[in-house]
Structure formats: structure tokens, C-alpha cells
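S.K.: Right, I'll just put the structure down here and ask away after.
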Amino acid sequence: MMLVRSVFRSQLRPSVSGGLQSASCYSSLSAASAEAERTIREGPRNDWSRDEIKSVYDSPLLDLLFHGAQVHRHVHNFREVQQCTLLSIKTGGCSEDCSYCPQSSRYSTGVKAQRLMSKDAVIDAAKKAKEAGSTRFCMGAAWRDTIGRKTNFSQILEYIKEIRGMGMEVCCTLGMIEKQQALELKKAGLTAYNHNLDTSREYYPNVITTRSYDDRLETLSHVRDAGINVCSGGIIGLGEAEEDRIGLLHTLATLPSHPESVPINALLAVKGTPLEDQKPVEIWEMIRMIGTARIVMPKAMVRLSAGRVRFSMSEQALCFLAGANSIFTGEKLLTTPNNDFDADQLMFKTLGLIPKPPSFSEDDSESENCEKVASASH
């Protein structure tokens, strides 16, 4: 009798009205459930409709979190979280008008324009990051593009070679790049190139006017064609609607190949920028973005990025459960505050997380082939 009762109870779930529903009826209420099951069964796909992604995004939050976790555990080691460090190697003085950015020369934010950091300073920072547990070192320069920056670009190529030689993944975000520059970055050993789309195509002109959405997509195409991993995500909290968040995810999920890395940033409003009065992003908004990204781009590294400093350890744990498997660690993310190494080590210990080792998918023959292409195109 006890066994019968147990089985009977396991097949029934409470409904919103207080009655009982069968488990199959309950699960059919959620698009997250259906799409997660399909993703697990069929693997990644690039033909998502905007309505499909909206249905996943709009699923009940706890259901979305649960099914994001299902997909995450199916594709990844759910305890592994990669630690990355992002260093601003050329700070301030940017000519663009990105309304969230304290490095724009158009705003009075207290950020002073600086020259490119020396090789010794950059390598020292990379060594400290590695000692603290980071396996990916990212270098950011406050530039619109790399045109006319031949000397600085050549220096950065040397930085990449040396840091890659330390056994770390290397990522750069240097603004827009051309095909030839992408090939040279590949030849130097660059693992990934970051170029965020920031928001939906529709909302984008409200955030930036000095670089078009298609400019960003063109850079991603150059990166992909060069054989470099694509790192591209966005920022929430810019004043956009939920439809714009869905639009961002739809654009990323329908690229010819999904980005290997999808950073989800929560705006940290900086005084002096046009968005200084934006209200802080709530953790539930982050969870919804992360869970949806995990279901529609199952193999991507979903990176819990800027704004993490505002979330408690408990809140971050929910993000990892929903599908995030990477963080940026260190005192600063470019010029904004971030969680320091010690705090993150404590979090890893408390949550039972395991540092993800570096991953080098490119073999030597690929690098050699790319080197030949780069040489031939000079």
C-alpha cells in the first residue's frame, strides 16, 4: 500500500488552482521544458525563431532555471566554472559614444586616457592571474578599431604569444578588426576575440550611434573566418525591453555557428555616462537570460560577467545552476569594480565548484595553415 501511494503521489503535481494535475500535463505548460528536451535530444541548432526563444524566455522562472540546469548538466561538467581575468591594456580616450561606457572621451567620468601598457606590466598581470586560478587572460583596448595602430597592434601580438606560452587561453577585445588583422591574431595564438552585440538590433541605436550593428556582425564574421573562437554577448539594464533581450539572444543563436562564449553583463551604471541613472539589474533578470542562453546555445560558455559584484554568493549560485559556467575574477573589469580573487576562491570552496582547465581546440596544423594564409595575403 505504501508503494502504491508513493507512485501515485509522484505522478501528481499541485496546480496553481490548488487541485492536482498529472506530471505530463504540468510539464507541457513550459516551453523551456519542451525546448530543453529537444536540445538534449537533437543538439544545437541555428534555426530558432524569435517566437520560440520568447516562449523559452517567458517560461515560469523556476521551470526555466530547472531546464537550463538539465541542458547544462547534459552538455557540460556542471561543477566546472572557468575563471577569466580581463585587463584594460589601453584605457580611456575612446572616440565612440557607447552610452554605458566610462572610457568614452565624450563623457566626464574621471577616466583618463592612457597609453598602451608595457609588455612587462601586461605579462606580470597575466602571471598573477594564473597564480590566482585564471585560465583565460583577456586584454581590452578602448579603441573604435585597429586601423592606423600598426605599432600597438604588433605589440599586442607579442603579448598574445607570450601569454599563450604560459599555458593560458588568450582573448582580446580591441574594437573592429579587418580580415588581415584577424589572421594575424590567429597566427599569434589568440584563442578568442570578444565583440559584443550589446543588445537587439532594434534597440541598438538608442545605445550607440558611432558603430553600426552590421559593423559588429562583420567583425564577428572576420573572427570566425580566421578560425578564432567567437566571444559575443550583451548587456542588460540599458533601458531595453524584454523583447530586446530576446532579440539579442535570437541574433546570437541564429549565427551560422553559435559563439563559443556568450558573456551576459549586468549594467554597472557609471556617473557621468548617459545611463548613470539606470536602476540595477535584479538577479531574476540574469537567471532568465542565462537559462534561456543555455537552452538555445547549449555548447557555449555562458559567462557571468560585469555586474556580478552586486550579487551575493547565493544569487550567483542560482546563475551557475541555470547554466553559467564562467566568471571574470579580479579587482576590476576594465575600469569597473569586480569580485576579487580571494572572494571567488571562497565561493568556489563553499559551492563545491571546480576550476575549469584551459581548452585549446586548435591543433598545430590549423595554426600552420592559418600562418600560410596570413603570409600569402601580405
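Backbone N, Cα and C define each Cβ position, glycine as well.
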S.K.: Looking at Swiss-Prot, CYS171, CYS231, ARG303 are annotated for [2Fe-2S] cluster. Which of CYS138, CYS319 sits in that same site?
M.R.: CYS138
S.K.: So if I draw a 10 Å sphere around the Cβ of CYS98 ([4Fe-4S] cluster binding site), how many other Cβ atoms end up inside it?
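M.R.: Total other Cβ atoms inside 10 Å, all chains included: 24.
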S.K.: Can you check how the pLDDT averages out over the domain 'Radical SAM core' (79-308)?
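M.R.: That stretch averages a pLDDT of 94.
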S.K.: What are the other residues, in sequence order, whose C-beta lies within 8 angstroms of the center of the C-beta atoms of CYS94, CYS98, CYS101 at the [4Fe-4S] cluster site?
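M.R.: Apart from CYS94, CYS98, CYS101, the close residues are GLU96, ASP97, TYR100, PRO102, GLN103, SER104, ALA142.
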S.K.: Measure from the Cβ of ARG303 ([2Fe-2S] cluster binding site) and count the other Cβ atoms within 10 Å, all protein chains considered.
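M.R.: There are 26 of them.
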S.K.: I want the residues beyond CYS138, CYS171, CYS231, ARG303 whose C-beta is within 8 angstroms of the mean position of the [2Fe-2S] cluster site's C-beta atoms, in chain order.
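M.R.: Result: CYS84, LEU86, ARG136, THR173, ALA192, ASN194, SER261, PRO263.
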